[in-house]
Amino acid sequence: MDKNDDSILSKKNDDEIVVSKNWKAYTYSISLDFIFIVFPMLLFFTVLSEWVYLGTVLLSLLLLVLSVTAKRSSSGLQRGQSLSFRANVSSYRVALMLITCLCILAVDFTIFPRRYAKTETYGTSLMDLGVGSFVLANAIVSRQARDVSSGNWITGLKATAPLLLLGFIRLVTTSGVDYQVHVTEYGQHWNFFFTLAAISILTSFVNIPAKYCGVLGFAILAGYQTWLVSGLNTYLLSDERGVNIISKNKEGVYSTLGYWSMYLLGVHLGYRLFYAKHSNTRSTTSSIARVFLVSLLLWIVTIFVDNYVERISRRTCNMPYVTWVLAQDLQALGIFMLSSYIPMNKLSSLEEAIDQNLLATFLLANVFTGMVNLAVDTIFASPLSSLVILTGYAFALSAIIGTIHFSGFRGWRRFLLLVPVLFVLPHLSSFVDFSSTSARNEAQSIRSKKLDHLVLGPAAGVGFPDRLHCRGTKALNKTHTTASQVPGAGNGVSFVTVFTVYNTPLDNLKSSNMVSVVGNDTYTKPERSMAVLNAFTNFIQVSMPKSNVVILTDPASRLLIQASNVMVQPIPGDYSRGNLMLQRIRSYITFLEMKLEKNDGGINHYIFTDSDIAVVDNIESIFDTHPNFHMALTFRNNKDQPLNSGFIAVRGTREGILRAKVFLEEVLKAYKTKYMKASRMLGDQLALVWVVKSQPSFEAKRFTKPQAFTQEIAGASVLFLPCALYNWTPPEGAGQFHGMPLDVKIVHFKGSRKRLMLEAWNFYKSTSNIPDMLCLVLGSGRTKYDF
């Protein structure tokens, strides 16, 4: 992690570096490298992702044939050829950079398989590997690993300045253009540049010889993992965020311990495997064998820790993640070292260009990625247009880096840093104003919201007569009217949800991570799912006592429902976890077809919802207030996912049911043809948005204002209702609440928030007052969910 990392990779005196002085010849060489290196890599990450294993086998066989038939160089396997390692590390780092640059943009398109994208909590993927690989790659070639003096800690801090600058530039630019940032990855303000800077600072202050770095790295990692399993992981993976800067950036701050330990272990491994005096006396075969042996041992450790201590988590950078990255990267490096057996007379021109400009490549890729995301609605791009955009992006990146290398231009660092700085300046003042205002008085920032909100905290809402006041456990005013006070139009409303029960092995039911405690009640995983379903029906019975609930399920599920207003309707289909969202649309269509065939003569409206919602106010009035719509959806101001499929209202007339059925059939068709590879909880929403936005006259900018509107879509008159009122989801934790819409009708307890749903119902039973219940539960600070 020092400023001389790039220099070592350029000293490949044992390899012939050919940089043609002829621009035409060099352009031809770069183009060939792009066609035979970058483009195949892009294809296997996107449209050929299902053929990656077959492709690997075929390419390996081809390489084997070429290496056997080619004439072996007389000096190819000479003893003590230490400089060849530099070329191997260079190839490894260039491959890592290319994969990173391709993935950071490709992940925004639907042709990029979700299995390659970063995981949310536990698990592994291609992009999970990238973050740790950057740290390890820098560690292996660092001055510390080469046992070269790196100067005092002041020199180290100076070398860290560019990383800090890049971190702040990214923070300000993403805030200035309202660029989507996943808070659960590093936190609200933290980013990977800050992580790299933190590692560099820690290493500058704790500068020990490379041969001792392994001991220190393992001690830090063991202590950090002990802290994680003692309760820190529960905090880091929860939605809880306090008001201080560390709590707001908990993932980035605490995971630095894991990344620092990874860096120290990488320094030790680099020193022992490649730079120690005895490593230069070994044969090439012996060196490669040692790398693969260490990789194998690390794989064994990873499997053991992942199964018996804690699962791999990039988000916390725990011990199994560190050992997994070490095992994967040493395995990859060992494969690159096998190239010593293949005679080569020169390096790839593109490889040399990227190797000499690693930082420039990464910065330029980030700039291009931001530009594409701001200009293109990536999630709705067709496979062909997605591939064209990605190919153009990859070629432009290769061409520009090649041009920089050919021209020998060394001023790119200042130039590339200047571009985002100039972009930042127009947004800097507004960002500073926002931050200072928020820190000075959070309540004042709420005044600018377009919707009235329930304000949480001690005596929240004082001075705002139009908001719900919460003081302690009692509401000072009662804003929600009871169901009996709302005049009805005489038409019934049925809530329809899809629910199924999955079989769980008895041994798993006894494990601690399968048991949840809410209040005085203890639930196994199936029991808590049923508890949520019962809470769902109970809230409806209280808020809309004349309504009933229809549960669509597979015939094999045996549901024990406590409420009398519930009817279970078995509908055959594939209710497996992977296909549940697809089956849900099919079940909705089948249910509507049944209603068309039955034709009772009366009018009964239907609202299709998720089962983890709480209906806290009577919503029957939407059918009277908006008398002309056939079906209703809920929207939010979110570029990628503006519609939520957890609420679909259908007018109970024959025409309304028929138009809604046709609309949902279009959604089903889009799902099956475009989004089958999407995340299992995302495909139906993407298909829903595609059908809506495919209407030529539709204006997506209407999603930016929380006002209901109607639009003709796929032959149906669709009413769009703001999620803030009809499908409101509590933010990441009580510490993050800026308030809650005053007239909220439906609260959606997604994911881990289901605990809040059960707490809400349990408290409501003791108070019989919905405003009191919401004030207590949402302001209680109970945010360590385990669902």
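Using the three backbone atoms N, Cα and C, a Cβ is placed for every residue, glycine included.
Per TrEMBL, the feature transmembrane segment maps to 25-45 (among others). Here the transmembrane segment (25-45) has long-range neighbours at 19, 51-52, 55, 98-99, 102-103, 106, 112, 116, 126, 348-351, 353, 387, 390-391, 394-395, 398-399, 402, 406, meaning same-chain residues at least 6 beyond its ends whose C-beta is under 8 angstroms from one of its own.
Taken from TrEMBL, the feature transmembrane segment applies to 51-70 (among others). Long-range contacts of the transmembrane segment (51-70) within the same chain, counting only residues at least 6 positions beyond its ends with a Cβ under 8 Å from a Cβ of the stretch, are 40, 44, 341-343.
When Cβ-Cβ distances below 8 Å are used as the criterion, the transmembrane segment (91-112) is approached by residues 9, 37-38, 41-42, 45-47, 118, 126-127, 130, 133-134, 137, 141, 329, 332-333, 336, 339, 351, 354-355, 358, 361-362, 365-366, 368-369, 372-373, 378-379, 381, 383, 386-387, 389-390, 393-394, 397, 674-675, 677-678, 686 of the same chain, each at least six residues removed from its ends. Here TrEMBL flags 91-112 (among others) as transmembrane segment.
Per TrEMBL, transmembrane segment is recorded for 124-141 (among others).
What TrEMBL lists as transmembrane segment is 153-172 (among others).
Long-range contacts of the transmembrane segment (192-208) within its own chain (CB-CB distance under 8 A, at least 6 residues past either end) are made by residues 1-2, 131, 134-135, 138, 144, 150, 153, 155-157, 159-160, 163-164, 166-167, 170, 186, 216, 252, 255-256, 259-260, 263-264. Residues or ranges marked as transmembrane segment by TrEMBL: 192-208 (among others).
Nonlocal intrachain contacts for the transmembrane segment (215-237), taken as residues 6+ away from its ends with a CB within less than 8 angstroms of a stretch CB, comprise 121, 206, 208, 250-251, 254-255, 257-258, 260-265, 267-268, 309-310, 313, 315-316, 318-319, 322, 784, 786. According to TrEMBL, the transmembrane segment annotation covers 215-237 (among others).
Taken from TrEMBL, the feature transmembrane segment covers 257-275 (among others).
Proximity of distant same-chain residues to the transmembrane segment (287-309), defined by a Cβ-Cβ separation under 8 Å and at least 6 residues beyond the stretch ends, is recorded for 85, 225, 229, 269, 273-274, 279, 319-320, 323-324, 326-327, 330-331, 333-334, 337-338, 340. Residues annotated as transmembrane segment in TrEMBL: 287-309 (among others).
The transmembrane segment feature in TrEMBL is assigned to 321-338 (among others).
Among the features that TrEMBL reports, transmembrane segment is placed at 358-381 (among others).
Per TrEMBL, the feature transmembrane segment maps to 415-432 (among others).
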